[in-house]
Structure formats: structure tokens, C-alpha cells
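A.B. asks: Before I ask anything, let me first share the structure, which is written out below as C-alpha cells.
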Amino acid sequence: MQRVSVFGSTGCIGQKTVQLLLKNPNKYKVEVLTANSNFELLARQARLVNAKNVVIADKRFFRDLKESLFGTGINVKAGSEGLAAAASIPIDRAIIAIVGIAGLMPTMKIIESKTKIIALANKESIICGGELMLRKAKEHKVKIIPIDSEHNAIFQIFHSSYNLDKIVLTASGGPFLHLTYEQMKNVTLRDAMSHPIWKMGEKNSIDSATMMNKALELIEAQNLFAVGPSKLDVVIHPESIVHGVVSYKDGSNLAVLACPDMDIPISYALSWPRRSSIINKQLDLTKQKLTFFEPNYNQFPALKLAMEVLRSNTPHANSIILNAANEVATGAFVESKIGFLDIAKIVQEILAATKVTAGSFDSLDNIIDLDSNSRILAERLINSNYVSTRCTVAL
Ligand SMILES: NC(=O)c1ccc[n+]([C@@H]2O[C@H](COP(=O)([O-])OP(=O)(O)OC[C@H]3O[C@@H](n4cnc5c(N)ncnc54)[C@H](OP(=O)(O)O)[C@@H]3O)[C@@H](O)[C@H]2O)c1
């Protein structure tokens, strides 16, 4: 029996994870489930899997959650202290499906507990935690298994960088693949949420539409596989069947092909180093068309920004800034404060306006500080009606 925790169990990835755990009740014992505000779903999940502890990050919902679980014996905690305490419980495998930089603190705490495997969907923590997080994971002998389908694929096939040509991340291209840059000017939140293939949470859907998702994934890949930006590439593959390719100089290409369903990488991360038999989603290659083409960097400037960040003198700092500005700008787009194309423009402005000298960060506090400062700058830019304003505040 493996003891597992799911941080962010009420989200898209979290719900899929809970469903997979329920299919295997004799294999997994759930120690912790967490959510931000959705106490009703969290309480339902906790009863279903008989969780030992639950945490609601937003303290305003503590009482509601407590009432919903009254008499069950399930421990209820709230806030960042609650998350930190839950993350410190040593278990066999932790699944991190929180969205945004909010996933970083619990991930760092889990690394410091005696938990040995982290199945990590939260790309923002890999991006912002950077060298610090990966070094700590190594020190504490924690295995990190990425759940993002592209990185999960590369994790499965990348065993040596000797004579590596490149690592290719595939991208569906999102809902606006066939629009021009001009045509994207007036797209709505609803348009941006209509991904042709993947069903995702709000932020990830918008990130896919701007292709900031692929930009973040380039940085995630560099952090996880450390091959250098010149060996990373993105190819558009609308069918999302090939998830990642590792090309060697001798002309061999290794790839992972699978149906576009997050159940597959999640179940791999739940079963690693074994393979799971709980899902049966076979690919019929005879019925499958596979197309590939180069991304248009002018249509999706986010990709260019990621490459600039990776090639800069301070890639870790710039990754934190890019992520923070994107989280703020995406939130502003959701609230109709800015247009769709402004998201990448704001990220670019904040990157250009922020002067950092430290290349990487040795503490979580320093990372959070840079993240907070970048958010303040992005919010100021948005509240000053954006367009012509240029931030000049140096950090
Ligand atoms: N969805 C996908 O197909 C997919 C694929 C690959 C990678 N990912 C990555 O997986 C992560 C989760 O994505 P998702 O689409 O599942 O997101 P989501 O549906 O928005 O779910 C996010 C989860 O995080 C919780 N949460 C939000 N803000 C929080 C905070 N401040 N503190 C603590 N918990 C918080 C949410 O709780 P509430 O429900 O209470 O708000 C929810 O449980 C992201 O990093 C994303 O990039 C997702």
C-alpha cells in the first residue's frame, strides 16, 4: 500500500488523479488532499478516498470545510501554514497539481520531508524553483517525475545527452493556430478557453492559447533536462499524439506516442518505475494522421520570449519574472482589463523593465521576493492602462 497526497485535488489534473486513485483502492492510501477554495468538492473527494487530512488554502472556507466533514474524523487545516504542515508529512508519493507559483512552497516542503517521489504537474514551481529546487531534490534524494505530457514523454526516453541533437517538445498550437496575429486582437475569454484537444483549467487554457504554455514548457524542459537552449525545439503537431522527441546526431529519433489524455502521464507518474494497467487507452495508428510544422514566432511572441530568457545572463531570475508577469497578465485578461495580445506584450515589458543582477537564487524567500516585485510592476502597468507606459522600476 502506497501513502499518497494530492495537492490541488479539485483542479483538472487533481480530479483525474483522484479518479485514478479510486480505481486502485488496494494500492493507494490517501494521506492529504488540498484545494484553494472549492471546499464542497474537496469534502466529497475526502469522503470518497477516506483521506486522513485535508487543507483549504483560502482560510475563509475553513469553517465550511470543517462543517462538511463534521463527524468523519478527517483532520481539517487551512492557509499556508496548513499547506506547509501537510507537505511536511512524509509519504511515499506526492502529486502536485496546484496551479501557479502557489505550488512552489508545498513542493519545497515536500522535498524536505522524507517523501521520495514527487509527481509534479505544477510547471510553475519547476520554472521558479529552478536550480534551488532541483539541487534540494538531489540532496534529499527525491525523484521528480514531470506530469506535463511533453516532459513526461522526454523523461521516459531521454537517458543520455551524448551526441544529442535536440529535444523536441510538440505543441497542439491551441485554439488560435489558424488565426493571424491581427485576428487574435479581439478574441474573448470563451474563445481562449475552447482548446480543440485538451480540457484544462483556466490558466493553462489561456497559456495554451497564447502559447505561453509552450514557452513555460521550454523553460521547464531546460530545468529538468539541462541540455541548453540550442538543443531545445518546438514543433507544432495539432493531433497531439507525439508528445516529445529526442533526436540523436546519428539520425535516430526516440518518441512517445499516446492518445491526448492526461490520464496516461498521470498514471505513469503514479506507477513509476512500473507501468500501470488501470487505464486502457490504446492508440490505433492505422486511424491516425500525424502532421508537424514549424511554429510562427511572430504569431506567438511568447515562444520568442522564452528563448530570450533561456539565452539571457540571468535565466533563473528572468524565468521568475516571466512567470509572474504572465500570471498577472492572464488574470487581467480573465477580468477583461486587457486584450488577449496584451498578455505577451506585458510580459515582454516587465522583462525589459526589471533589472536583476543575481543569476540564480539560494532561498525560497528570494524567489518569492522577485516574484512579488514582478507582480507589482505588472499590476502597475495594467492599472496605468498599459499601452504606452513603460516601467522603469529596477529591482
Ligand atoms: N490541465 C492540464 O491538462 C495540464 C496539463 C499539464 C500540466 N498542467 C499543469 O498542472 C497544474 C494544474 O493545472 P490544472 O489545469 O489542473 O489547474 P486547475 O484546474 O486550475 O486546478 C488548480 C488546482 O490548484 C488549486 N489552487 C489554485 N490556487 C491555489 C492557491 N493559491 N493555493 C493552493 N491551491 C490553489 C485549485 O483549488 P480550487 O479548485 O479550490 O480553486 C485546484 O485544486 C498547472 O501548473 C498546469 O500548468 C495541467
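Here the Cβ of each residue, glycine as well, is placed from N, Cα and C on the backbone.
Note that the coordinates shown come from a computational prediction; the quantities given were computed from them, not determined experimentally.
Not my notes, these are from TrEMBL:
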DOMAIN    4-130  domain '1-deoxy-D-xylulose 5-phosphate reductoisomerase N-terminal'
BINDING   Thr10, Gly11, Ile13, Asn38, Asn122, Glu124, Gly201  NADPH binding site
BINDING   Lys123, Ser149, Glu150, Ser172, His195, Ser208, Asn213, Lys214, Glu217  1-deoxy-D-xylulose 5-phosphate binding site
DOMAIN    144-225  domain '1-deoxy-D-xylulose 5-phosphate reductoisomerase C-terminal'
BINDING   Asp148, Glu150, Glu217  Mn(2+) binding site
DOMAIN    257-375  domain 'DXP reductoisomerase C-terminal'
A.B. asks: Could you tell me which of these binding-site residues, Asn38, Asn122, has the greatest number of Cβ atoms within 10 Å of its own Cβ?
C.D. replies: Asn122
A.B. asks: For the 1-deoxy-D-xylulose 5-phosphate binding site, please report the maximum Cα-Cα distance among Lys123, Ser149, Glu150, Ser172, His195, Ser208, Asn213, Lys214, Glu217 in Å.
C.D. replies: 19
A.B. asks: Near ligand 1, which of the binding-site residues show up if the criterion is a Cβ under 6 Å from one of its atoms? Options: Ile13, Glu150, His195, Asn213, Glu217.
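C.D. replies: Ile13, by Cβ distance under 6 Å.
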A.B. asks: Determine the Cβ neighbour count for Ile13 (NADPH binding site): the number of other Cβ atoms within 10 Å of its Cβ.
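C.D. replies: For Ile13 (NADPH binding site), the count of other Cβ atoms within 10 Å is 26.
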A.B. asks: Given that the record lists Thr10, Gly11, Ile13, Asn38, Asn122, Glu124, Gly201 as binding NADPH, what is the largest C-alpha to C-alpha distance among them, in Å?
C.D. replies: 21
A.B. asks: Does Lys123 (1-deoxy-D-xylulose 5-phosphate binding site) have same-chain partners at least 6 apart in sequence with Cβ under 8 Å from its own Cβ, and which are they?
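C.D. replies: Sequence-distant Cβ neighbours: Pro146, Asp148, His151, Leu216, Glu217, Glu220.
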A.B. asks: List the residues of the same chain that sit at least 6 positions away from Gly11 (NADPH binding site) in sequence and have their Cβ under 8 Å from its Cβ, in sequence order, or write 'none'.
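C.D. replies: Counting only residues 6 or more apart in sequence, the Cβ neighbours of Gly11 (NADPH binding site) under 8 Å are Ala97, Ile98, Val99, Gly201.
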A.B. asks: For the domain 'DXP reductoisomerase C-terminal' (257-375), provide the mean pLDDT of the predicted model.
C.D. replies: 94
A.B. asks: Could you check what DSSP calls Glu124 (NADPH binding site) once collapsed to helix, strand or coil?
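C.D. replies: The residue in question, Glu124 (NADPH binding site), is helix (DSSP, three-state).
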A.B. asks: Please work out the number of neighbouring Cβ atoms within 10 Å of the Cβ of Asn213 (1-deoxy-D-xylulose 5-phosphate binding site), leaving out its own Cβ.
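C.D. replies: A 10 Å sphere around the Cβ of Asn213 (1-deoxy-D-xylulose 5-phosphate binding site) contains 26 other Cβ atoms.
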A.B. asks: Do me a favour and check the Cα-Cα span between His195 (1-deoxy-D-xylulose 5-phosphate binding site) and Ile13 (NADPH binding site); whole Å is fine.
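C.D. replies: Cα of His195 (1-deoxy-D-xylulose 5-phosphate binding site) to Cα of Ile13 (NADPH binding site) measures 16 Å after rounding.
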A.B. asks: Can you check what DSSP calls Gly201 (NADPH binding site), collapsed to helix, strand or coil?
C.D. replies: coil
